[in-house]
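The annotation transmembrane segment is assigned in TrEMBL to 60-79, 457-482, 489-513, 519-538, 568-588, 608-630, 642-661, 667-689. The feature domain 'GST N-terminal' is assigned by TrEMBL to 133-201.
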Amino acid sequence: MSLFLISTSRNISSLYRQRFLSFTPRLLSSNQYNNDIIQAKKQLKVNPSSAKQSPRLRRYHYYVLSIATGALIGTIYALRQVRKHEGSLPEYVANPELLERKAMEARPLPPPVTKHITFDAPPRKNFPFNITLYQFVTCPFCCKVRAYLNYNRIPYDIVEVNSVTQKETKWSLYNSVPIVVIENEQIQLNDSNMIISAIESYLRQPTQTFKNIMKLYKSVVEKDQKGNLIFNYPNRYFIIEPLINDQLEVIKEEQKPIVNNQTESFFTRFFSRFFSRSISQSDIDSKKLQNEPIYKPKSNEENEYERQWREWVDNTFIHVISPNIYCTLRQSLNTMHWFSKAGEWEEIFPWYQRWIFIYVGAITMRGLAIYLKKKYNLNDNVRISLYACGNEWVNSIGEKDFHGGSEPNLADLNVYGILTTIQGSEAFQDLMDNTKIQPWFKRMKNLVELHRIDTSIMTIIECTGCTLIAYGIPFSMFVFTIAHHPFRVIIAMTSAFFWLLSLLLSSLLWFAVVPLRNQLAFAVPFAVLFQEIFRYLFYRVIKKAEFALQKVQLQELTEKGMVFDRFAVAYAAGYGFGFISGTFAIVNVLSDMTGPGTIGIFGHSQDFFIATAFLTLAIILLNTFWGVVLFTSLDQGGIHQYLGPIVVVLTHMLFSCLTLFNRTTRPIYSISIITGYVILCGIIVYALFLRGFNIRQRLNRQ
């Protein structure tokens with residue numbers, strides 16, 4: 001045991017001895033380190049320059065630290081603001097033209113036109129495009145566009161939009177009116193100021209296509225939080241000159257109406273004197289138009305002055321209109337009644353909806369008028385603000401007749417259009433009585449509304465007259481030569497069915513060839529070929545069924561002592577072709593006659609209806625005798641079995657292609673009508689020759 005204790009104590013003492021020996025160098029080294037520190041401090045105290053550099057280094061450190069801290073705080077704040085307003089930042093649409101093109105493809109055709117606006121005098125400057133205006137009749141912005149088109153005598157169609165459902169403009173991405181569509185090129189124009197500026201730019205400097213004008217009025221489209229598109233047009237107040245490569249020669253375009261008036265066809269003058277009372281009035285108006293001032297290009301100062309007042313109309317004048325026409329509950333109610341009458345709400349809405357619109361709308365608009373008065377800081381007596389705007393406008397005119405001088409400018413037309421919106425309200429009458437604006441308004445009305453023809457229903461006299469021209473002779477032919485023979489009636493109906501088959505095949509080809517779908521010149525030759533092919537097929541069917549048809553007629557033939565008459569079959573077959581073809585040619589025109597029609601339609605001449613009636617008569621008679629020539633020549637054989645079909649196809653093709661002249665901006669109806677009746681006379685003579693008719697023998701027998 002003692003030995004164990006002795007050995008343990010030795011081990012412990014040896015362990016402490018080793019640790020002490022290992023700690024001693026560390027202690028010595030730490031003492032040396034402390035000595036080094038003391039020596040360094042002494043050196044610092046001895047060197048004064050090092051003592052001066054230390055605060056400067058510290059300042060640099062503070063600068064760097066403060067900059068880094070500020071950058072960090074700014075970054076954090078910016079990120080928070082971006083996240084906070086992330087949903088409200090505007091989102092711009094990159095390619096709005098593609099969206100508008102798709103919207104135009106979805107537009108229902110034909111548009112539900114409610115009125116055709118034409119004029120009894122030619123346009124002030126040629127505008128060779130058909131226009132459709134989507135509008136609210138009481139919308140001030142739509143009134144501005146109508147005033148501009150009426151002043152320039154540009155024909156246009158009106159589509160009245162339901163102010164509640166707006167189903168007529170569901171296809172459009174632009175959720176407002178007015179909307180103008182250039183039908184010739186399927187282009188949509190939005191915003192009243194942009195519409196007026198774009199058309200005015202074309203009138204001042206015509207271009208090859210209207211798309212060249214639209215390149216100058218690019219839209220900036222934004223998308224809000226709800227996904228609605230907001231259209232902005234930065235150039236909407238500017239009249240822009242198109243590129244030189246896109247311009248047309250104005251001199252030639254201006255000389256065309258003069259040449260056409262001097263070379264007016266005998267047909268137009270002759271028939272217009274019998275069927276239209278407006279020819280003499282047109283001659284008078286043409287003399288009046290010769291006294292109109294010639295358009296002179298405006299200077300930059302005049303354009304700038306005009307643009308400033310156009311902006312004044314939208315930024316100042318229009319804001320005093322609503323608070324004045326709804327300034328009291330009684331006036332608000334009277335205004336809504338006037339809107340109901342002007343907008344023809346009785347024909348659009350049921351009685352209970354109209355009652356809600358008038359009475360609830362009057363209360364709502366009264367509240368809106370109070371809000372607008374505060375928003376635009378108007379006088380408590382809003383009439384004073386209205387009179388102030390009226391006097392400001394009159395003072396800008398000065399001693400001139402119009403704001404533009406001797407002729408109205410775009411600012412004149414804008415103010416006039418706005419005033420026509422409230423023409424039936426008390427505010428309008430108060431404005432006329434308490435300011436000096438009334439003489440100017442009367443001068444504008446005489447210029448804008450003088451030549452306008454706005455009829456909602458075509459006169460029954462012209463409709464009846466055109467119908468008798470087109471169907472009088474064919475109806476007599478049917479009564480005296482076909483109606484008493486059931487067999488001929490069946491032949492005529494069957495041939496009409498074959499014509500419908502040719503129309504179906506032509507329509508399928510037109511629908512399949514997409515690039516040429518809008519080119520009527522492409523469709524006409526194929527339609528003629530398909531009609532003649534099916535006429536020949538019908539002849540082959542009659543030829544094969546001749547024996548059976550003779551049996552069907554056996555009883556009738558034996559009673560009357562008649563034989564099977566191939567000429568009568570050919571005549572009935574041609575009549576069926578002609579009657580159904582003429583019906584399809586005039587049915588749409590008759591529809592427009594019975595609905596909202598005018599002397600002219602879709603911007604055409606005043607002779608459009610009567611010319612269509614004479615063309616329809618020619619189509620019916622030509623098809624009748626084309627059938628006779630084809631059937632008889634094929635039955636006769638010899639050289640006529642080749643000559644007859646060739647004559648039929650060539651004359652049919654010639655007459656159909658000549659009708660393309662009727663679709664120009666200034667249609668020449670006389671070419672197709674005179675040529676058509678000359679061809680008809682020749683075909684009748686050839687048909688009688690094939691029949692064996694000899695006029696000398698007839699005269700000798702008598």
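Yeah, the Cβs are placed from backbone N, Cα and C, and that goes for glycine too.
Worth saying up front: this structure is predicted, and the values here are computed from it rather than measured.
Here the transmembrane segment (568-588) has long-range neighbours at 470-471, 474, 477-478, 481-482, 485, 488-489, 491-496, 498-500, 503, 531, 535, 538-539, 542, 549, 612-613, 615-617, 619-628, 630-632, meaning same-chain residues at least 6 beyond its ends whose C-beta is under 8 angstroms from one of its own. Counting residues of the domain 'GST N-terminal' (133-201) by DSSP class, helix then strand then coil, yields 25 helix, 16 strand, 28 coil.
Comparison of 60-79, 489-513, 608-630, 642-661 by number of C-beta pairs under 8 angstroms to the transmembrane segment (519-538) places 489-513 first. Counting Cβ pairs closer than 8 Å and at least 6 residues apart in sequence, the transmembrane segment (667-689) and the transmembrane segment (608-630) reach three or more and so form a contact. Within its own chain, the transmembrane segment (608-630) has Cβ neighbours under 8 Å at 271-272, 275-276, 462, 465-467, 469-471, 473-474, 477, 495, 532, 535-536, 539, 567, 570-571, 573-575, 577-579, 581-582, 585-586, 589, 593, 599-601, 644-645, 647-648, 651-652, 655, 659, 662, 667, 669, 672-673, 676-677, 679-680, 683-684, 686-687, 690-691, counting only residues six or more beyond its boundaries.
Tertiary neighbourhood of the transmembrane segment (489-513): same-chain residues 482-483, 522-523, 526-527, 530-531, 533-535, 537-538, 542, 569, 572-577, 579-581, 584, 627, selected by CB-CB distance under 8 Å and a gap of 6+ residues from either end. Here the transmembrane segment (642-661) has Cβ contacts under 8 Å with residues 520-521, 524-525, 527-529, 531-532, 535-536, 615, 618, 622, 626, 629-630, 632-634, 667-669, 671-672, 675-676, 679, 682-683, 686, 690 of the same chain, all six or more residues outside its ends. Per-residue pLDDT, averaged over the domain 'GST N-terminal' (133-201), rounds to 90.
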